[in-house]
Amino acid sequence: MELLLEVEGLAKSFGGVAALREGRLQLRAGTVHALCGGNGAGKSTFLKILMGIFNRDAGSIRRRGKDVEFASPADALASGIAIIEQELSPVPHMTVAENIYLGREPKARFGGIDFRAMNRSAQRLLDDLEFDIRATQYMMNLSVAQMQLVEIAKALSHDAEVIFMDEPTSAIGEREAQHLFAAIRRLQAQGRGIVYVSHRLSEIFQIADSYTVFRDGAYVGSGALADIDRPELIRMIVGRELSEEFAKTSTPTQEPGIEIAGLSCPNKIEDISFSVRKGEIFGIYGLMGAGRTEIFNCLFGLDKPSTGSIKVDGIEVTISKPADAMAHGLALVTEDRKLTGLNLSDSVRANICMASLPEMSPSFAMDRAREAQASRDMREQFQIKAARDTMPVSGLSGGNQQKVVLGKWFLRNPKVLLLDEPTRGVDVGAKREIYRIISDFAAAGGTVVMISSEIDEVLGMADRIMVMRAGRSAGIYSREETNAQSLVHLST
Amino acid sequence: MSVSDNRNASGWLGSEQRRLLIQEYGIFLAFLILAAVLSVSNEFFLTAGNISNVLLQTSINGVLAIGMTFVILTRGIDLSVGSVVALAGIVSASFVTSSATAGISGAPYPVALGLGIGLLVGIACGAVSGVIVSRFSVPAFVATLGMLSAARGLTLIYGGGRPVPALTPAFRWIGTGNVLGIPAPVVVLAVVFAVSWWILNRTRFGRYIYAVGGNPHAARTSGINVTRIQFVVYVISGGLAGLAGMLLSARTGSALPQAGIAYELDAIAAVVIGGTSLSGGIGRVTGTLIGALIIGVMNNGLDLMGIQSYYQQVLKGALIVGAVMLDQKRNYGA
């Protein structure tokens, strides 16, 4: 059978450092192919070459057996390769149809745009894919998942035969992900080839037929997913045997850590009550928009709850700003490290010290030796891989950036750790290290509240799990009495 | 993503080291090259008299630009500094004039009082802008555009549209005096620079400024009082504008109501040439000082070559845009 896409020996280096040594991929028509690999495995570079953003140093790309050269993203599209990037960049104040046909609008008389024809063909495209989206809706009114569907429609409007999807579910909920999978299956049925890039192994096993694994910039192996199981795939990705994915070692004590009663914030959350003991990991599971993050915002003084009480170590506390929460020993690792966790333009060291500056400078002037020491300690404790701690944190991989955020908070010796999606967008190896850090913290008597939309993660890590649905609690369950099916069921 | 595929560059140094090297020393190199060219092409350029003259002419813009750096580092902008120069200049002058008609009753008062009043006027203007930006979330461009107009109006109201002449010699010393042969305004600039450098690089407050400018959300989540930092930088900019206003009036001997018009543009230019990013969080006060010196040296050099001031403006425009173009290129690859 003719291959839709065949890539061999693709290589690219930057300033003498090889980012990709040997990229290889074979894609058949009508299949979903998972591209797996940790952060830094070379997937991004591989995708950027296929998108026409980077020039390759070596290697060949064949589309249906013919060699192709891409000088720009337009060339890649013209040859039928479309890539849906992880971070979508739609034009929010334009309609869906305008976004789909951006730059190639059908022309009307006097050089204007034939809006009617454009809307009609966009709508036909969306209907064919059975997407419940109107072509005349404004992009800004769509959910992230819907925007992704629009991206798919856009790819098809270019008549793309090969569609790459880079972490398409990283910002959408479980139900929306199922919707996306349904769309992928329809594309598959049309005989197109989809390359699915994701860190979430359960998704890969659910949607893909075959896989290719990259590690350290090179091809490691490929095959049919039917012939491999999860531990085996993880072993290929990380290159060593992992004894257990979740390193849970802690057990709850009897002492109360944090107790929340009747917490409400109008239109966001209603009547949330739970208490977490020291040494316990308390999971909060729910879909995007179910009010999970809003609980943390209220607890940490980023939002004002209308009612409710918070007790830390059994003592009622008032929290009206983040500094109050921090004074009571709370730490918040936010959901989006780039948006709310890090100052990307600043150094690793400055980021690690950002939440401890008053302690670092008792007399207004910074104690620079202490700063450097703190940074060294945290980098050592969390094995943060950075060439120097004065380099901008934006140059680190996702997993290392997340460890910088953790380091920033651990430097304060918190009593209660609030974690919002602590492993989003980090690779399997870094995930394990983060799980270990969380477990060690709990084992040492810390209190952990962890939000996650990855079912495996909450089931693997949490002692008890609260399920959120539409701003309310749908119940609290111990990990023994629940399973993946019932969590999904309760959250929807 | 790994370190290496992050930036699209190649060469004998790692892209990261090269970027840092250019960022740290590129502007200084540009300055040295400019100075070298001028000293070769004009024998008068490198004389002590001329160097002192360049520094003197740079001092007022330098003080304003340093204040502007604080504001721009937090993603803000202060368009009002030129008007604040005039207002602080004229109000302080009315306390230290020996003219019977232009001053307030009882003038001239001691120099210290005049200086204190001038600083207070600047600080007050900055505080108003700061409250409007930080508390009411009005974009800095709009808030300080309002202050630009209001402070100019207040200047005209206060002085009835007339200059305040005949400032006392004691007050004039800060504009015309010497310390060990160095003009007093240059000494003022040096002190302002040293203190600002220390604040931005060595204190908690400086770290807060970079954090707020780099990512206000992350700063807030880290327990930093973002509102207060945003407020204080405008107070600093206003206070330094007040100081600059007094340097100006002390140098010329009278405070003019039309003083300082368009000074904000030269100050912003110095900051931008110095490599500070208008989107906040990135920049060095050392760069700003060199940026101000480049503008001063260029004006001086073109004067020496006998080139009309009209052409100087065109060249300055090209310099500002060129500096930012280079900045974009080194930040985002090409």
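Every residue gets a Cβ built from N, Cα and C, even glycine.
Under the heading transmembrane segment, TrEMBL lists B:21-42 (among others).
The transmembrane segment feature in TrEMBL is assigned to B:54-73 (among others).
According to TrEMBL, the feature transmembrane segment maps to B:85-105 (among others). When Cβ-Cβ distances below 8 Å are used as the criterion, the transmembrane segment (B:85-105) is approached by residues 60, 64, 111, 113-115, 117-119, 121-122, 125, 151-152, 154-155, 158-159, 162-168, 170-171, 241-246, 248-249, 254-261, 263 of the same chain, each at least six residues removed from its ends.
Tertiary proximity for the transmembrane segment (B:111-133) is limited to same-chain residues at least six positions away from its ends with a CB under 8 Å from its CB atoms, namely 76, 78, 80, 84, 87-89, 91-93, 95-96, 139-140, 143-144, 146-147, 151, 168, 170-171, 173-174, 230-243, 245-246. Under the heading transmembrane segment, TrEMBL lists B:111-133 (among others).
Taken from TrEMBL, the feature transmembrane segment applies to B:140-160 (among others).
Residues or ranges marked as transmembrane segment in TrEMBL: B:180-200 (among others).
For B:231-248 (among others), the entry in TrEMBL reads transmembrane segment. Remote same-chain residues near the transmembrane segment (B:231-248) are listed as 59-60, 63-64, 66-68, 70-71, 73-74, 76, 78, 80-82, 84-90, 92, 114-115, 118-127, 129-131, 133-135, 144, 171, 174-175, 185, 188, 192, 205, 209, 255, 259-260, 263 (criterion: CB distance under 8 Å, separation of at least six residues from the stretch ends).
Feature annotation from TrEMBL assigns transmembrane segment to B:268-295 (among others).
Contacts between the transmembrane segment (B:180-200) and the transmembrane segment (B:140-160): absent, as fewer than 3 C-beta pairs lie under 8 angstroms at sequence separation of six or more.
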